[in-house]
């Protein structure tokens, strides 16, 4: 058996958009019920893609502003980024373009990115829709996600739910493909 190829996947986005749930649900096949803000955490998943053994390192990051100086330390040697926002949090969607995309481009301009709309299960939730309506907002549409992905030159836009696992595996499969099957460049992250 050949040695495993190591892929470092870093998940970024605003606090409370579901980054940790995304990773735990994928890595452990269970949805964590309690919200615990992340400072930094990582997980490893061993899998195969075709005839290749993969060691997928999943790096969780803190989205809160107070970690802006610390967070980029986790970007070193990243192979792919998942830039996440909550489908039912328009501010987190706007922050992809104003905060997260510029941050990735500053530190790791050559590393592929996938834009991920999280909490897909809440898009049609009556309680969530009522709260959004009270503030004059609506859930982010698939079309809006695709448009933003084009603007930030992400490889793809995907939507998923960590709670129901809808499209969850596909997000990570796409991330792995982006590293293995797109012309592989040496990770060029500049972290000082």
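A Cβ is built for glycine as well, from the same backbone N, Cα and C atoms used for every other residue.
So that you can see what the record holds, here are the features copied from Swiss-Prot:
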BINDING   13-20, 60-64, 118-121  GTP binding site
LIPID     189  S-geranylgeranyl cysteine
MOD_RES   189  cysteine methyl ester
MOTIF     35-43  motif 'Effector region'
When you tally the Cβ atoms that lie within 10 Å of each candidate's Cβ, which of the binding-site residues (61, 64) has the highest tally? 61
These are the binding-site residues: 16, 120. Which one scores highest on other Cβ atoms within 10 Å? 120
Within 10 Å of the Cβ of residue 19 (GTP binding site), how many other Cβ atoms can you find? Include all protein chains, please. 27
Which secondary structure state does DSSP assign to residue 61 (GTP binding site), in the simple three-class scheme? strand
Any same-chain residues 6+ apart from residue 13 (GTP binding site) with CB under 8 Å of its CB? Would you list them in sequence order, or say none? 19, 63, 82, 83, 84, 85, 92, 95, 96, 100, 116, 118
